[in-house]
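Visitor: Below: one structure in structure tokens.
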Amino acid sequence: MKSNKLMALGIVFSIAVLIVIGTIAYSIINDKKDKGNEMFAYSTQQSLGKDDAPVKVVEFGDFKCPACRTWDVTVLPRLKEEYIDKGKVQLYFINFPFIGKDSDLGAAAGEAIYKQDKDSFWIFYDEIYQNQKKDTEEWITEDLLLSIVKEKLPKVDVEQFKKDLHSKDIKEKVSKDSDRAQKLKVQGAPSVYVNGNLANPDFDSMKKAIDKELKK
């Protein structure tokens with residue numbers, strides 16, 4: 001009888017310990033989410049991948065930035081294949097328009113497109129980099145943007161895009177992204193964060209940072 005009571009107490013104690021551990025783990029996970037939301041406002045940003053992916057990667061970029069184009073061509077495809085498509089990583093893009101006046105126009109275009117169709121933004125993301133010229137030139141024009149929308153983005157309504165491109169809401173969103181970059185003291189583009197931690201943007205460095213987070 002005594003041994004049965006001890007066994008029952010042991011089971012109760014074990015369950016209590018598991019509950020405490022689970023509560024702590026849940027708290028840690030939510031603390032990370034809260035930290036990320038505070039730093040990056042995940043829910044307001046362009047995203048690629050599953051919402052429940054355990055690792056959040058944030059890219060601050062400018063469509064006029066040559067290094068950002070290189071990142072799009074060399075790093076993103078591998079990141080997508082090895083992590084995003086497998087549900088391990090969700091990628092967020094945050095505007096950091098710092099090179100020229102037309103950087104803001106490119107950022108606004110991305111926001112206006114994403115507002116209509118999320119997948120179309122990532123097509124635009126590739127297309128505008130393919131059209132990239134010297135960063136000293138003001139090459140992001142409304143004509144270029146409209147040609148991309150008309151020729152490459154069938155899910156985006158052209159007239160609505162024109163209205164949104166210069167709308168107050170879109171301008172405020174781009175401005176908030178710029179403010180966020182300043183608060184984080186972003187020094188250049190692409191600047192990449194892995195679960196809130198600044199990482200080198202080359203694939204090997206990102207892979208190490210991501211794998212480290214996946215092991216936690």
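Keep in mind that glycine also has a Cβ here, set from the backbone N, Cα and C atoms.
Okay, so Swiss-Prot annotates it like this:
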- CYS65-CYS68: disulfide bond (DISULFID)
- 1-25: signal peptide (SIGNAL)
Visitor: When you measure from the Cβ of CYS68 (disulfide bond), which residues in the chain that are at least 6 apart have a Cβ under 8 Å away?
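Guide: Set apart from CYS68 (disulfide bond) by at least 6 residues yet with Cβ under 8 Å, we have GLY61, ASP62, TYR129, ALA189, PRO190.
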Visitor: Sort out the sequence-distant neighbours of CYS65 (disulfide bond) for me: same chain, 6+ apart, CB within less than 8 Å of its CB, listed by position.
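Guide: In sequence order, the residues whose Cβ lies under 8 Å from that of CYS65 (disulfide bond) (at least 6 apart) are ILE99, ASP135, ALA189, PRO190.
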Visitor: If you run the three-state DSSP split on CYS65 (disulfide bond), which class comes out?
Guide: coil
